[in-house]
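Engineer: The following block contains the structure, expressed as structure tokens.
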Amino acid sequence: MMNESLTEKRNELSLSFAALGVVFGDIGTSPLYAFGQVIKYFPINDHNIYGILSLIFWSLIIIVSIKYLVIVFRADNDGEGGIIALAGVIRQKIKQPGGWLLFITLVGIGLIIGDGMLTPAISILSAVEGLESLSPNLAKYVLPVTLIILFFLFKMQSIGTGKIGVYFAPVMLVWFITIGILGFLQIIQNPKVLMAINPYYAINFFMIHKYFALFILGGVFLVMTGGEALFADLGHFGKKAIRTGWFAVALPALLLCYFGQGAFVLMHTEDIKYPFFSLSPDWFLPVMIILATLATIIASQAIISAAFSILKQASLLNLIPRLKIVFTSKFEKGEVYLPLINFILALGTCSLVVIFKSSSNLADAYGIAVNLDMLITTVLVGIIAYRCWSWHAFKILIFLLILIIELAFFAGNIPKLLTGGWIPILIAFLGFVVMYTWHCGFEKLRELHHRDALMDAFIIDELNQNKISRQPGMGLYIIDPYDCEGESLLHHLRLNRIFFENMVFVSIKIENKPYIPIEDKFELIKKAEGFYLIFIHYGFTENINLPNELDEMFKRVYLPFDIIKNKLIYFIEIVFVEMTGERQKHMYLWQKHFFSLMIRNAVPDIQFYQLPYNNTIAIGTYYQF
């Protein structure tokens, strides 16, 4: 029993250690730019620095430690976190939640795309800017070095991070220990800064500066960027490992670093461009720049991988067009590479670096996307607490308090809209337009298939009465998500009158859960003599390999005919959309053209379901929009 307990503890510590290299990369590198961004607005004196440090301390405690690690962690979807997981929990409880949930989900995904561009840009740029601390003459190399690092970062996505990923956690552990020690060395020289733990200084800061203090919250918010990753990566490491990593390593190191920067600037009141690098002794500065660059690369890798993961889930749920998905690891099922998304992120990130040129300028664009993402999380978890946990009104007030605090941060971020904050909003809006247009087009296809279902119902009767001649063999007809029960393929059979002796229609259903146990995965319905409908249920995080799944199904589900695997013939549908020029419900003409473009360029079923090319027949179907 004792050995089992020790083994369990070792496993938990191992997971906590691994989490350092993924979960805490973004929030762990915020000290590079966050504190310097805040202090530039005020003269350096005890009242201002204590007030800023107090705001930083209580922001990390209330929003990250209490909101995320205590409350939001309760809202996991079978151990999985993130906005799609939260939406899935709500859909399980509220069967028809309405358009508001779709709207929030699409906006949240759009913000994640923006975050995937901004995080690598500001993180790596802020690390390379340490060269200016070595020598002002090196300032001209900051931009090209940053772009070179970003180029190789996105280039290596196609080969995966399996081989180098094992070094992420050790590097981040060294990073946290280093910034903690550097901060501590400054605190012992000016220990009075620890008084800022008292919330009085945060309140006093607002009383002195009044409305202008609200503006500073936009800068303070930067210390929490990356906090949403703690919940998004829940499925990879679990609650206990992330909580241990945060409270034992990340949070103490961050607080020591921020308070150390506060102590340093109070002892050196001259203009300090990069207070973080000023903590480092001159002899250690080159090492610190290299370590900071490695840490920001790891932080950037984490957000890129998260973007791949969330967009893969969105693709499975048909929130976006089907994307080419490359699995870069034989051992880690969640390690995927999306070539198109990688290109978009790379182009966006490099463009941001060239346009803004410095981390200080980029900071204005950065915080607002994460702020909105956190607001969405608060709203969704509040709904879950009310509808799923049956929290009474008093407990729900906790969410109201958190919402007020986050809205105050959002108010502080609003002035940034004029100096770059509009960029993540624009990215999210463009992402929303793509996803909403795709959704509207899918709904139109569903409507057309419903009409076909009414026309083709008589085929079932003819099959039952043996009025249709059949040829030997078996056909597997893969039903698209917009097709309820294979009406389009049934319509094809009605037209050409080619019916196999045994026909199996296979429908893929993506559920609102991350994983579906094998015993609940398959569902067989006999529609007519020799005509079967099979539902295969997937979770939104699972990988689809239809031939492998069918092999498993044939072992578990009884079919009254023999299956010869190498002679199976798969039938899939290729959709062609023809424009009518008329405006239809929820779709303008430009949306119809855009949907037609997307569906033509989406990954075809044969790739998406990993079907054998030599045994697959594609049937083209035209639809009038």
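Quick reminder: no glycine exception, Cβ is built from N, Cα and C everywhere.
Reproduced below are the annotations present in Swiss-Prot:
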type: TRANSMEM; residues: 15-35; note: transmembrane segment
type: TRANSMEM; residues: 52-72; note: transmembrane segment
type: TRANSMEM; residues: 98-118; note: transmembrane segment
type: TRANSMEM; residues: 134-154; note: transmembrane segment
type: TRANSMEM; residues: 164-184; note: transmembrane segment
type: TRANSMEM; residues: 212-232; note: transmembrane segment
type: TRANSMEM; residues: 246-266; note: transmembrane segment
type: TRANSMEM; residues: 284-304; note: transmembrane segment
type: TRANSMEM; residues: 336-356; note: transmembrane segment
type: TRANSMEM; residues: 365-385; note: transmembrane segment
type: TRANSMEM; residues: 394-414; note: transmembrane segment
type: TRANSMEM; residues: 417-437; note: transmembrane segment
Engineer: So what's near the transmembrane segment (52-72) in sequence-distant terms, Cβ-Cβ under 8 Å and 6+ beyond its ends?
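Structural biologist: For the transmembrane segment (52-72), the far contacts come to 27, 34-35, 38-39, 42, 81, 193, 196-202, 205, 216-217, 220-221, 223-224, 227-228, 230-231, 242-243, 246-247, 251, 254-255, 258-259, 262, 374, 377-378, 381, 385, 398, 402, 405-406.
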Engineer: With pairs 6 or more apart in sequence, are the transmembrane segment (394-414) and the transmembrane segment (212-232) linked by at least 3 Cβ pairs under 8 Å?
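Structural biologist: Contact criterion met.
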Engineer: Cβ pairs under 8 Å only, please: of the recorded stretches 15-35, 98-118, 134-154, 246-266, 284-304, which one is richest in them relative to the transmembrane segment (365-385)?
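Structural biologist: When the Cβ pairs under 8 Å are tallied, 98-118 comes out ahead.
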Engineer: Which listed range (98-118, 246-266, 417-437) shows the maximal number of Cβ pairs under 8 Å with respect to the transmembrane segment (15-35)?
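Structural biologist: Out of the listed stretches, 246-266 contacts the transmembrane segment (15-35) most.
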Engineer: Sort out for me which stretch, of 134-154, 164-184, 246-266, 336-356, has the most Cβ pairs below 8 angstroms to the transmembrane segment (212-232).
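Structural biologist: Against the transmembrane segment (212-232), the leading stretch is 246-266.
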Engineer: Hey, which bits of the same chain come close to the transmembrane segment (246-266), Cβ under 8 Å, at least six residues off its ends?
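Structural biologist: Sequence-remote neighbours of the transmembrane segment (246-266) are 16, 20, 24, 27-28, 30-31, 34-36, 39, 44, 46, 49-50, 52-53, 56-57, 60, 64-65, 69, 173, 176-177, 179-187, 189-191, 193-194, 196, 223, 230, 272, 275-276, 278-279.
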Engineer: Using a Cβ distance cut-off of under 8 Å, indicate which of 98-118, 164-184, 284-304 has the most pairs with the transmembrane segment (134-154).
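Structural biologist: The stretch with the most close Cβ contacts to the transmembrane segment (134-154) is 284-304.
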Engineer: Count, for each of 98-118, 284-304, 336-356, the Cβ pairs lying under 8 Å from the transmembrane segment (417-437), and report the range with the highest count.
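Structural biologist: Maximum Cβ contact count belongs to 98-118.
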